[in-house]
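One structure below.
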Amino acid sequence: MYTYNFNAGPSALPPEVLQEAQAEFLNFQGIGASILEISHRSKHYETIHQEAQQRIKQMLALSSEYEVLFLQGGASAQFSMLPINFLTKGKTAGYINSGAWSEKAWKEAQKIGEAVVLASGKDKQFQQLPNLQVQNIPEELVYIHFASNETIGGIQYKTYPKVGDIPLVADMSSDIMSRPFDASQFSLIYAGAQKNLGPAGVTIVIVHRSLLDSIPESTPDMLNYAVQAANQSLFNTPPVFSVYMMNLVLKWIEQHGGLEGMAARNQQKADILYEVIDSSDGFYKGLAHKDSRSIMNITFGTESSEKEKKLLLELEQAGFIGLKGHRAAGHLRASIYNAVPYEHCKALAEFLVDFQRRNA
Ligand code: PMP
(Lines of atoms letter the chains of each structure in order from A and count residues from 1; the text may use other names and numbers.)
(Lines give C-alpha, C1' and ligand atoms only; values in the text may rest on other atoms or scores of the structure.)
Protein backbone atom coordinates (compact mmCIF):
# COMPACT_ATOMS: atom_id res chain seq x y z
CA MET A 1 0.00 0.00 0.00
CA TYR A 2 1.24 3.48 -0.83
CA THR A 3 2.27 5.48 2.21
CA TYR A 4 1.25 9.07 2.60
CA ASN A 5 3.79 10.27 5.12
CA PHE A 6 2.73 13.11 7.45
CA ASN A 7 5.26 12.50 10.21
CA ALA A 8 6.37 15.49 12.27
CA GLY A 9 10.05 14.65 12.22
CA PRO A 10 11.92 12.68 11.18
CA SER A 11 9.68 13.08 8.21
CA ALA A 12 9.25 12.55 4.49
CA LEU A 13 12.31 13.01 2.29
CA PRO A 14 12.16 13.62 -1.45
CA PRO A 15 12.12 10.21 -3.21
CA GLU A 16 14.67 11.51 -5.74
CA VAL A 17 17.08 12.18 -2.86
CA LEU A 18 16.60 8.71 -1.38
CA GLN A 19 17.18 7.19 -4.81
CA GLU A 20 20.31 9.23 -5.43
CA ALA A 21 21.70 8.21 -2.04
CA GLN A 22 20.82 4.59 -2.73
CA ALA A 23 22.50 4.64 -6.13
CA GLU A 24 25.83 5.80 -4.72
CA PHE A 25 25.59 4.17 -1.31
CA LEU A 26 28.00 1.31 -1.91
CA ASN A 27 30.37 3.09 -4.23
CA PHE A 28 30.52 6.85 -3.85
CA GLN A 29 31.59 8.55 -7.07
CA GLY A 30 33.62 5.53 -8.13
CA ILE A 31 35.98 5.52 -5.13
CA GLY A 32 35.09 1.92 -4.32
CA ALA A 33 33.77 2.69 -0.84
CA SER A 34 30.69 4.23 0.72
CA ILE A 35 30.70 7.85 1.86
CA LEU A 36 30.10 6.32 5.31
CA GLU A 37 33.43 4.55 5.19
CA ILE A 38 35.87 7.31 4.37
CA SER A 39 37.59 9.96 6.44
CA HIS A 40 35.84 13.22 7.21
CA ARG A 41 39.18 14.82 6.29
CA SER A 42 39.08 13.35 2.78
CA LYS A 43 38.65 15.59 -0.24
CA HIS A 44 35.41 13.79 -1.12
CA TYR A 45 33.75 14.51 2.22
CA GLU A 46 35.16 18.03 2.46
CA THR A 47 33.61 18.86 -0.90
CA ILE A 48 30.18 17.73 0.33
CA HIS A 49 30.58 19.66 3.60
CA GLN A 50 31.55 22.86 1.80
CA GLU A 51 28.88 22.43 -0.86
CA ALA A 52 26.17 22.15 1.81
CA GLN A 53 27.48 25.26 3.60
CA GLN A 54 27.63 27.14 0.32
CA ARG A 55 24.10 26.14 -0.63
CA ILE A 56 22.74 27.41 2.70
CA LYS A 57 24.64 30.69 2.33
CA GLN A 58 23.34 31.16 -1.18
CA MET A 59 19.74 30.14 -0.45
CA LEU A 60 19.49 32.62 2.41
CA ALA A 61 21.65 35.26 0.71
CA LEU A 62 23.84 35.37 3.83
CA SER A 63 26.49 38.06 3.92
CA SER A 64 30.09 37.06 4.58
CA GLU A 65 29.49 38.11 8.19
CA TYR A 66 27.68 34.82 8.89
CA GLU A 67 29.12 31.42 9.72
CA VAL A 68 27.19 28.25 8.88
CA LEU A 69 27.88 25.46 11.35
CA PHE A 70 26.93 21.78 11.33
CA LEU A 71 26.59 20.57 14.90
CA GLN A 72 25.25 17.54 16.75
CA GLY A 73 22.92 17.03 19.69
CA GLY A 74 19.79 18.18 17.85
CA ALA A 75 18.02 21.46 18.31
CA SER A 76 17.71 20.49 21.98
CA ALA A 77 21.47 20.87 22.43
CA GLN A 78 21.09 24.42 21.10
CA PHE A 79 18.66 25.15 23.95
CA SER A 80 21.71 24.85 26.24
CA MET A 81 24.57 25.83 23.92
CA LEU A 82 23.08 29.25 23.22
CA PRO A 83 22.96 30.35 26.88
CA ILE A 84 26.26 28.61 27.68
CA ASN A 85 27.93 30.86 25.09
CA PHE A 86 26.14 34.14 25.71
CA LEU A 87 24.15 34.14 28.94
CA THR A 88 27.12 34.74 31.17
CA LYS A 89 27.13 36.04 34.73
CA GLY A 90 25.30 39.32 35.18
CA LYS A 91 23.55 39.09 31.80
CA THR A 92 19.87 38.56 31.04
CA ALA A 93 18.27 36.92 28.02
CA GLY A 94 14.69 37.36 26.84
CA TYR A 95 12.45 34.52 25.66
CA ILE A 96 9.15 34.59 23.81
CA ASN A 97 7.14 31.64 25.02
CA SER A 98 4.88 30.54 22.19
CA GLY A 99 4.64 26.84 22.91
CA ALA A 100 6.24 23.61 23.99
CA TRP A 101 9.56 24.13 22.20
CA SER A 102 10.23 27.74 23.09
CA GLU A 103 9.24 26.93 26.67
CA LYS A 104 11.82 24.13 26.74
CA ALA A 105 14.45 26.53 25.42
CA TRP A 106 13.60 29.04 28.15
CA LYS A 107 13.68 26.40 30.92
CA GLU A 108 17.07 25.19 29.75
CA ALA A 109 18.42 28.75 29.68
CA GLN A 110 17.31 29.25 33.29
CA LYS A 111 19.73 26.50 34.31
CA ILE A 112 22.56 28.60 32.92
CA GLY A 113 21.62 32.15 33.85
CA GLU A 114 18.95 34.82 34.06
CA ALA A 115 16.27 34.22 31.42
CA VAL A 116 13.00 36.14 31.41
CA VAL A 117 9.81 35.58 29.45
CA LEU A 118 8.88 38.70 27.49
CA ALA A 119 5.59 37.43 26.10
CA SER A 120 3.69 34.20 26.62
CA GLY A 121 0.91 32.38 24.83
CA LYS A 122 0.27 30.06 27.74
CA ASP A 123 -3.04 31.68 28.70
CA LYS A 124 -4.23 30.95 25.15
CA GLN A 125 -3.13 27.31 25.44
CA PHE A 126 -0.38 28.15 22.96
CA GLN A 127 -2.93 28.24 20.16
CA GLN A 128 -2.14 31.82 19.24
CA LEU A 129 1.16 33.67 18.91
CA PRO A 130 1.85 35.94 21.88
CA ASN A 131 2.18 39.64 21.30
CA LEU A 132 5.55 41.09 22.14
CA GLN A 133 5.03 44.63 23.46
CA VAL A 134 8.05 46.75 22.74
CA GLN A 135 7.69 48.50 26.12
CA ASN A 136 8.09 45.07 27.81
CA ILE A 137 11.55 44.59 26.41
CA PRO A 138 14.15 45.55 29.01
CA GLU A 139 17.28 47.23 27.81
CA GLU A 140 20.56 45.36 27.83
CA LEU A 141 19.25 41.92 26.93
CA VAL A 142 22.01 39.70 25.63
CA TYR A 143 19.60 38.16 23.08
CA ILE A 144 15.91 37.50 22.45
CA HIS A 145 14.94 33.94 21.56
CA PHE A 146 11.80 32.70 19.84
CA ALA A 147 10.61 29.72 17.77
CA SER A 148 9.49 30.63 14.26
CA ASN A 149 7.20 27.61 14.09
CA GLU A 150 5.82 25.69 17.06
CA THR A 151 5.72 22.13 15.76
CA ILE A 152 3.35 20.82 18.43
CA GLY A 153 0.88 23.68 18.63
CA GLY A 154 0.93 24.33 14.88
CA ILE A 155 1.46 28.08 15.11
CA GLN A 156 3.93 30.04 13.02
CA TYR A 157 5.26 33.58 12.69
CA LYS A 158 4.61 35.21 9.31
CA THR A 159 6.71 38.23 10.23
CA TYR A 160 9.32 38.11 12.92
CA PRO A 161 9.43 40.05 16.20
CA LYS A 162 10.97 43.51 15.98
CA VAL A 163 13.52 43.85 18.74
CA GLY A 164 15.65 46.84 17.78
CA ASP A 165 19.35 46.37 18.38
CA ILE A 166 19.05 43.33 20.61
CA PRO A 167 20.41 40.19 18.91
CA LEU A 168 17.50 38.10 17.67
CA VAL A 169 17.79 34.31 17.86
CA ALA A 170 15.38 31.87 16.23
CA ASP A 171 14.72 28.18 16.55
CA MET A 172 13.67 27.42 12.97
CA SER A 173 13.73 23.65 13.34
CA SER A 174 10.34 23.09 11.77
CA ASP A 175 10.16 25.74 9.08
CA ILE A 176 13.65 26.54 7.87
CA MET A 177 13.92 26.60 4.06
CA SER A 178 10.15 26.41 3.71
CA ARG A 179 9.88 30.02 2.50
CA PRO A 180 12.13 32.99 1.78
CA PHE A 181 12.99 35.31 4.65
CA ASP A 182 15.43 38.08 5.40
CA ALA A 183 18.17 36.40 7.40
CA SER A 184 19.96 39.66 8.08
CA GLN A 185 17.58 40.45 10.97
CA PHE A 186 18.94 37.47 12.92
CA SER A 187 22.09 37.12 14.97
CA LEU A 188 21.68 33.38 15.27
CA ILE A 189 19.39 30.78 13.72
CA TYR A 190 19.39 27.09 14.53
CA ALA A 191 17.47 24.15 13.15
CA GLY A 192 17.57 20.39 13.48
CA ALA A 193 17.68 18.91 9.97
CA GLN A 194 15.08 16.21 10.34
CA LYS A 195 12.06 18.10 9.02
CA ASN A 196 12.86 20.22 5.99
CA LEU A 197 16.54 19.50 5.50
CA GLY A 198 17.26 15.80 5.71
CA PRO A 199 17.65 13.03 8.25
CA ALA A 200 18.26 13.51 11.97
CA GLY A 201 21.82 13.88 13.22
CA VAL A 202 22.88 17.33 12.07
CA THR A 203 21.74 20.72 13.35
CA ILE A 204 22.53 23.80 11.37
CA VAL A 205 23.53 26.96 13.18
CA ILE A 206 23.84 30.25 11.35
CA VAL A 207 25.64 32.77 13.49
CA HIS A 208 26.70 36.36 12.95
CA ARG A 209 30.42 36.71 13.51
CA SER A 210 30.00 39.75 15.75
CA LEU A 211 28.66 37.45 18.47
CA LEU A 212 31.64 35.14 18.53
CA ASP A 213 34.04 37.56 20.23
CA SER A 214 32.02 37.69 23.43
CA ILE A 215 32.16 33.93 24.11
CA PRO A 216 34.18 33.15 27.26
CA GLU A 217 37.34 31.15 26.64
CA SER A 218 36.36 28.82 29.46
CA THR A 219 33.49 27.50 27.32
CA PRO A 220 34.09 23.81 26.52
CA ASP A 221 35.38 23.46 22.95
CA MET A 222 32.61 21.28 21.60
CA LEU A 223 30.00 23.72 22.94
CA ASN A 224 31.80 26.83 21.80
CA TYR A 225 30.44 28.45 18.62
CA ALA A 226 33.71 30.29 18.07
CA VAL A 227 35.75 27.05 18.19
CA GLN A 228 33.29 25.31 15.86
CA ALA A 229 33.41 28.26 13.46
CA ALA A 230 37.21 28.47 13.51
CA ASN A 231 37.30 24.78 12.55
CA GLN A 232 34.56 24.96 9.89
CA SER A 233 32.54 22.45 11.97
CA LEU A 234 35.34 19.92 11.52
CA PHE A 235 36.66 20.26 15.06
CA ASN A 236 35.78 16.60 15.53
CA THR A 237 34.07 14.01 13.34
CA PRO A 238 30.91 15.56 11.94
CA PRO A 239 27.77 13.48 11.23
CA VAL A 240 28.96 12.73 7.70
CA PHE A 241 25.95 10.84 6.45
CA SER A 242 23.47 13.44 7.69
CA VAL A 243 25.48 16.25 6.08
CA TYR A 244 25.71 14.25 2.84
CA MET A 245 21.92 13.73 2.83
CA MET A 246 21.28 17.36 3.71
CA ASN A 247 23.41 18.44 0.75
CA LEU A 248 21.25 16.31 -1.55
CA VAL A 249 18.06 17.80 -0.05
CA LEU A 250 19.41 21.34 -0.50
CA LYS A 251 20.19 20.54 -4.13
CA TRP A 252 16.63 19.20 -4.52
CA ILE A 253 15.25 22.48 -3.11
CA GLU A 254 17.33 24.43 -5.63
CA GLN A 255 16.02 22.25 -8.46
CA HIS A 256 12.42 22.79 -7.34
CA GLY A 257 12.24 26.55 -7.44
CA GLY A 258 14.31 27.36 -4.36
CA LEU A 259 12.64 28.97 -1.36
CA GLU A 260 10.07 30.76 -3.54
CA GLY A 261 9.07 27.43 -5.05
CA MET A 262 8.86 25.79 -1.61
CA ALA A 263 6.74 28.63 -0.22
CA ALA A 264 4.23 28.52 -3.07
CA ARG A 265 3.83 24.76 -2.81
CA ASN A 266 3.65 24.76 0.99
CA GLN A 267 0.95 27.43 0.98
CA GLN A 268 -1.11 25.47 -1.53
CA LYS A 269 -0.76 22.33 0.56
CA ALA A 270 -1.80 24.09 3.75
CA ASP A 271 -4.70 25.87 2.04
CA ILE A 272 -6.30 22.68 0.77
CA LEU A 273 -6.24 21.13 4.26
CA TYR A 274 -7.41 24.21 6.19
CA GLU A 275 -10.17 24.59 3.61
CA VAL A 276 -11.55 21.13 4.47
CA ILE A 277 -11.39 21.93 8.20
CA ASP A 278 -13.06 25.33 7.81
CA SER A 279 -15.83 24.14 5.54
CA SER A 280 -16.76 21.10 7.62
CA ASP A 281 -19.50 22.86 9.63
CA GLY A 282 -17.66 22.09 12.85
CA PHE A 283 -17.10 18.38 12.13
CA TYR A 284 -13.39 19.18 12.09
CA LYS A 285 -11.93 21.86 14.29
CA GLY A 286 -8.63 23.61 13.64
CA LEU A 287 -6.73 23.89 16.92
CA ALA A 288 -4.60 26.94 16.13
CA HIS A 289 -6.09 30.43 16.01
CA LYS A 290 -6.60 31.43 12.38
CA ASP A 291 -4.20 34.37 12.56
CA SER A 292 -1.40 32.13 13.82
CA ARG A 293 -1.87 29.00 11.74
CA SER A 294 1.23 27.16 10.59
CA ILE A 295 1.69 26.05 7.00
CA MET A 296 3.99 23.26 8.23
CA ASN A 297 2.01 21.57 11.02
CA ILE A 298 -1.75 21.52 10.74
CA THR A 299 -3.36 20.64 14.04
CA PHE A 300 -7.01 19.65 14.16
CA GLY A 301 -9.57 17.50 15.91
CA THR A 302 -13.05 16.15 15.36
CA GLU A 303 -16.32 16.56 17.29
CA SER A 304 -15.64 13.63 19.62
CA SER A 305 -12.73 11.50 20.79
CA GLU A 306 -14.48 8.35 19.47
CA LYS A 307 -14.60 9.81 15.99
CA GLU A 308 -10.98 10.85 16.29
CA LYS A 309 -9.93 7.31 17.17
CA LYS A 310 -11.95 5.91 14.28
CA LEU A 311 -10.48 8.48 11.92
CA LEU A 312 -6.90 7.74 12.93
CA LEU A 313 -7.46 4.01 12.53
CA GLU A 314 -9.03 4.37 9.11
CA LEU A 315 -6.32 6.78 8.00
CA GLU A 316 -3.63 4.30 8.94
CA GLN A 317 -5.43 1.47 7.15
CA ALA A 318 -5.60 3.65 4.04
CA GLY A 319 -1.83 4.32 4.10
CA PHE A 320 -1.77 7.73 5.79
CA ILE A 321 0.87 7.67 8.51
CA GLY A 322 2.15 10.06 11.19
CA LEU A 323 -1.12 11.90 11.76
CA LYS A 324 -1.54 11.30 15.47
CA GLY A 325 -1.05 14.56 17.37
CA HIS A 326 1.98 14.97 19.63
CA ARG A 327 1.60 13.00 22.86
CA ALA A 328 1.41 16.29 24.79
CA ALA A 329 -1.30 17.76 22.56
CA GLY A 330 -3.45 14.86 21.36
CA HIS A 331 -5.89 15.18 18.42
CA LEU A 332 -4.38 15.11 14.92
CA ARG A 333 -1.50 16.83 13.22
CA ALA A 334 -0.58 16.78 9.56
CA SER A 335 3.04 17.79 9.09
CA ILE A 336 3.50 18.94 5.53
CA TYR A 337 7.15 19.87 5.21
CA ASN A 338 8.85 20.62 1.88
CA ALA A 339 9.11 17.00 0.74
CA VAL A 340 5.42 16.17 1.25
CA PRO A 341 3.86 16.39 -2.23
CA TYR A 342 0.74 18.43 -2.94
CA GLU A 343 -0.91 15.25 -4.22
CA HIS A 344 -0.57 13.66 -0.78
CA CYS A 345 -2.24 16.65 0.88
CA LYS A 346 -5.00 16.47 -1.72
CA ALA A 347 -5.46 12.76 -1.01
CA LEU A 348 -5.69 13.52 2.73
CA ALA A 349 -8.17 16.34 2.11
CA GLU A 350 -10.35 14.02 0.05
CA PHE A 351 -10.15 11.30 2.68
CA LEU A 352 -11.26 13.77 5.37
CA VAL A 353 -14.21 14.95 3.26
CA ASP A 354 -15.25 11.36 2.65
CA PHE A 355 -14.85 10.43 6.33
CA GLN A 356 -17.11 13.32 7.28
CA ARG A 357 -19.72 12.23 4.73
CA ARG A 358 -19.71 8.73 6.21
CA ASN A 359 -19.65 9.76 9.88
CA ALA A 360 -21.46 13.07 10.28
N1 PMP B 1 12.56 22.91 18.33
C2 PMP B 1 11.51 22.61 17.55
C3 PMP B 1 10.68 23.72 16.99
C4 PMP B 1 11.20 21.27 17.27
O5 PMP B 1 10.16 20.97 16.50
C6 PMP B 1 12.01 20.23 17.81
C7 PMP B 1 11.76 18.78 17.54
N8 PMP B 1 10.56 18.42 17.08
C9 PMP B 1 13.08 20.60 18.63
C10 PMP B 1 13.34 21.94 18.85
C11 PMP B 1 13.97 19.57 19.25
O12 PMP B 1 14.72 18.99 18.24
P13 PMP B 1 15.72 17.78 18.45
O14 PMP B 1 14.87 16.56 18.59
O15 PMP B 1 16.52 17.80 17.19
O16 PMP B 1 16.53 18.04 19.65
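Along the chain as shown, residues are numbered 1 onward.
Cβ atoms here come from the backbone N, Cα and C positions, even for glycine.
Residues annotated as domain 'Aminotransferase class V' in TrEMBL: 3-345. Feature annotation from TrEMBL assigns L-glutamate binding site to Arg41. Here TrEMBL flags Ala75, Ser76, Trp101, Thr151, Asp171, Gln194, Asn236, Thr237 as pyridoxal 5'-phosphate binding site. The N6-(pyridoxal phosphate)lysine annotation in TrEMBL covers Lys195.
Positions of the features from TrEMBL, shown on the structure.
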{"residue": "Arg41", "record": "L-glutamate binding site", "contacts (Cβ under 8 Å, 6+ apart)": "Leu234"}
{"residue": "Ala75", "record": "pyridoxal 5'-phosphate binding site", "contacts (Cβ under 8 Å, 6+ apart)": "Trp101, Asp171, Ser173, Tyr190, Ala191, Gly192, Thr203"}
{"residue": "Ser76", "record": "pyridoxal 5'-phosphate binding site", "contacts (Cβ under 8 Å, 6+ apart)": "Lys104, Glu108"}
{"residue": "Thr151", "record": "pyridoxal 5'-phosphate binding site", "contacts (Cβ under 8 Å, 6+ apart)": "Ala8, Gly9, Ala100, Trp101, Ser173, Ser174, Lys195, Met296, Asn297, His326, Ser335"}
{"residue": "Gln194", "record": "pyridoxal 5'-phosphate binding site", "contacts (Cβ under 8 Å, 6+ apart)": "Gly9, Pro10, Ser11, Ala200, Gly201"}
{"residue": "Asn236", "record": "pyridoxal 5'-phosphate binding site", "contacts (Cβ under 8 Å, 6+ apart)": "Met222"}
{"residue": "Thr237", "record": "pyridoxal 5'-phosphate binding site", "contacts (Cβ under 8 Å, 6+ apart)": "His40"}
Q. CB neighbours of Lys195 (N6-(pyridoxal phosphate)lysine) within 10 A?
A. 30
Q) For the recorded positions Ala75, Lys195, Asn236, Thr237, which residues place their CB under 6 A from an atom of ligand 1? A) Ala75
**Q.** Cβ neighbour count (within 10 Å, all chains shown) around Asp171 (pyridoxal 5'-phosphate binding site)
**A.** 27
Q.
Helix, strand or coil for Asp171 (pyridoxal 5'-phosphate binding site)? Use DSSP.
A. strand
Q. Taking the Cβ of Trp101 (pyridoxal 5'-phosphate binding site) as the centre, how many other Cβ atoms fall within a 10 Å radius?
A. 22
Q | Site extent for pyridoxal 5'-phosphate, whole Å (max Cα pair distance, Ala75, Ser76, Trp101, Thr151, Asp171, Gln194, Asn236, Thr237) | A | 31
